[in-house]
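The next block holds one structure in the form of structure tokens; read it before the comments.
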Amino acid sequence: MPFSNSHNTLKLRFPAEDEFPDLSGHNNHMAKVLTPELYAELRAKSTPSGFTVDDVIQTGVDNPGHPYIMTVGCVAGDEESYDVFKELFDPIIEDRHGGYKPTDEHKTDLNPDNLQGGDDLDPNYVLSSRVRTGRSIRGFCLPPHCSRGERRAIEKLAVEALSSLDGDLAGRYYALKSMTEAEQQQLIDDHFLFDKPVSPLLLASGMARDWPDARGIWHNDNKTFLVWINEEDHLRVISMQKGGNMKEVFTRFCNGLTQIETLFKSKNYEFMWNPHLGYILTCPSNLGTGLRAGVHIKLPHLGKHEKFPEVLKRLRLQKRGTGGVDTAAVGGVFDVSNADRLGFSEVELVQMVVDGVKLLIEMEQRLEQGQAIDDLMPAQK
């Protein structure tokens, strides 16, 4: 849990080596970077809101690793964390985001007209398409560190802004604490709502404090545009629908996001953003675009093929299980999405998914007919 700074001062009575965590059995990005020397250098520092290096790393100390993915092992508590603790965050960001340097500049492109194709992914294979991102509101602490009052203020601001959306984006807000157990579970099963805070990453970082206070979901009337409020990020914006029309999903995503930003600006609030890291979010893995464009895709043959992991790697894609990050694939259905977030624009990332998914379908069709796929192996993107 985030501590007050008087507690941090108390800890400074012990030498740094006595406070250094045991990372000997760990496999996450933080554990690769954090040395006793770096810990000693950073441990007396804190951000203006009181977030310390111990708060940054706690989730990675408590969660040594993950069987499916290399976790990051740290979080930011506020916008300043990435600057105050940059000696820790910069190498983690470089490691996680394919060599992204502290001097690199991020690019943003939320113009759906720049996406080539994407309206014709075969619905016999692509069951659903989804694009999501996160946004943080400048001037508030991030979920690992925010107070109840901050969280409630974020909810109020967000609901006011979202209630101004109209046309096919018009919808309503559902506060988590006023939902029945059955309503919650139905939304979770339909992939509309974030899970209950059982994830050790959420729990250890302090993001689940006061649950379900000031958490909720806003969605439009046909449930194709959703905003999660106060889960891992202040806002998670999601556009989704059945079938393979990624172009339509991305267009709705860009339009909705642009309108939300305009509504916040009209109330004199802006999103956390800087030219180097792009949009600032709680987890360093989401910096930049924060964007994950994914499809649920049926690949019963390719999914079992020994080359499948290599194909995904070359296409800069990653797979998750059917139910998300902590789950296995059911019935040969995979959640396939872009592996990158930072250093590429939104349009570039969605383009990689569209082009990559087309190739995956072509490979699956070859394997259905008992043919080889060696000649279809892509070059490394």
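Using the three backbone atoms N, Cα and C, a Cβ is placed for every residue, glycine included.
The creatine site in Swiss-Prot is built from GLU232, SER285 plus one of VAL61, VAL72, VAL75, namely VAL72. Among the residue ranges 4-12, 130-138, 148-156, the one that Swiss-Prot annotates as region 'Internal MTS-like signal' is 130-138. Closest to SER128 (ATP binding site) in space, going by CA atoms and restricting to the recorded sites LYS45, LYS101, LYS107, is LYS107.
Non-local contacts of ARG132 (ATP binding site) by the CB criterion (under 8 A, 6+ apart in sequence, same chain) comprise ARG236, VAL237, ILE238, SER239, GLY290, LEU291, ARG292. Sequence-distant contacts of the region 'Internal MTS-like signal' (130-138), counting only residues of its own chain at least 6 positions beyond either end whose CB sits under 8 Å from a CB of the stretch, comprise 79, 154, 157, 232-240, 246, 249-250, 253, 257, 260-261, 264, 269-272, 279-282, 286, 289-295, 346, 350.
LYS107 (ubiquitin cross-link) has ARG130 as its nearest neighbour among the binding-site residues ARG130, ARG320, ASP335, going by CA to CA distance. The recorded positions in question are LYS45, ARG236, ARG320, and the one with the fewest Cβ neighbours inside 10 Å is LYS45. For LYS45 (ubiquitin cross-link), the nearest neighbour among the binding-site residues ARG130, ARG320, ASP335, judged by Cα separation, is ARG320.
Across the structure, ARG320 (ATP binding site) and SER199 (phosphoserine) are spaced 16 Å apart at their Cα atoms.
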